[in-house]
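Below: the structure, in structure tokens.
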Amino acid sequence: MTAPPVHDRAHHPVRDVIVIGSGPAGYTAALYAARAQLAPLVFEGTSFGGALMTTTDVENYPGFRNGITGPELMDEMREQALRFGADLRMEDVESVSLHGPLKSVVTADGQTHRARAVILAMGAAARYLQVPGEQELLGRGVSSCATCDGFFFRDQDIAVIGGGDSAMEEATFLTRFARSVTLVHRRDEFRASKIMLDRARNNDKIRFLTNHTVVAVDGDTTVTGLRVRDTNTGAETTLPVTGVFVAIGHEPRSGLVREAIDVDPDGYVLVQGRTTSTSLPGVFAAGDLVDRTYRQAVTAAGSGCAAAIDAERWLAEHAATGEADSTDALIGAQR
């Protein structure tokens, strides 16, 4: 049983749980917290729904045997969380203070909201090349997830951009579907581990194009080609591909909390053991903000469920001692 509600100076109720972020992790955390009668306040952000909002077809999410579009899946998750009483707001979070029994969250309109527990589910963003045509054709031939979209390029010629383990793994995986894969890298040396590089080099379907940078992605409604430039000669050529997979890494959206909680050298939030607990009591993290390995909708949803359960248990344990109900320990929001 959680502590009774109190109100802050601006008459906002102090919540049991605030969820920051949407997508599969955030919405699932909201659903489970709502069903546990925690009345979660969820800040989805103005760009809600996460990376799946740019995914045209999702065929590997359990329960949808005929597939579903990314936006449709997010809408279903969102509506399900609403059905059970989650308070969803399309507002961006400006700053947070996560120390002490009461956590504070400041939104872009300057309003301060407080809660006894916070679930972080801001996700991670794929790094992109920022060249003409790339963002315009995202989800229409340009992708950052071979596992998600590789199937749609069966018997087609595609390109993978990158030189690390992720690029080698994506290229190798895509040979299951594609007729050919051209791996484009700006140098002739690779950051990839030897075993991953050798695996790609020994695959007859993979062609290496080194010392080339991407100039633009061609196409009006779908990808029709990839323009590249030779870094030695400056000559430009166009690769006749219908798919472009960008594999130059991901950036966890942890900037909001990076100075407050423990993160790894790349900015992924660290959790304790098999839980979703972070280095701060009452603060939990889920989804791609934590997961640098799988980055799938179903795994993100699972960790969102775990975060809500962890938060519920933590609140129940601390309500008995009154630790989760102190209004004197609020540390002002850091701007």
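In case you wondered, yes, glycine gets a Cβ from its N, Cα and C as well.
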Disulfide-linked residue for CYS145, taking Swiss-Prot as the record, within CYS148, CYS305: CYS148
Entries of SER22, ALA25, THR46, SER166, HIS185 which, being binding-site residues, have CA atoms within 10 angstroms of CYS148 (disulfide bond): none
Over all pairs in SER166, HIS185, ARG191, ILE248, TYR268, ARG295, the listed NADP(+) binding residues, work out the largest Cα-Cα distance in Å. 26
Listed in sequence order, residues with CB under 8 A of SER22 (FAD binding site) and six or more positions away: VAL42, GLU44, GLY45, PHE48, GLY49, GLY50, MET74, ARG78, LEU88, ALA121
Please classify the secondary structure at ARG295 (FAD binding site) using three-state DSSP. coil
Out of TYR32, TYR268, give me whichever of these recorded positions has the highest number of other Cβ atoms within 10 Å. TYR32
Out of the recorded positions TYR32, CYS145, SER166, HIS185, TYR268, give me the one sitting nearest to ASN60 (FAD binding site) by CA distance. CYS145
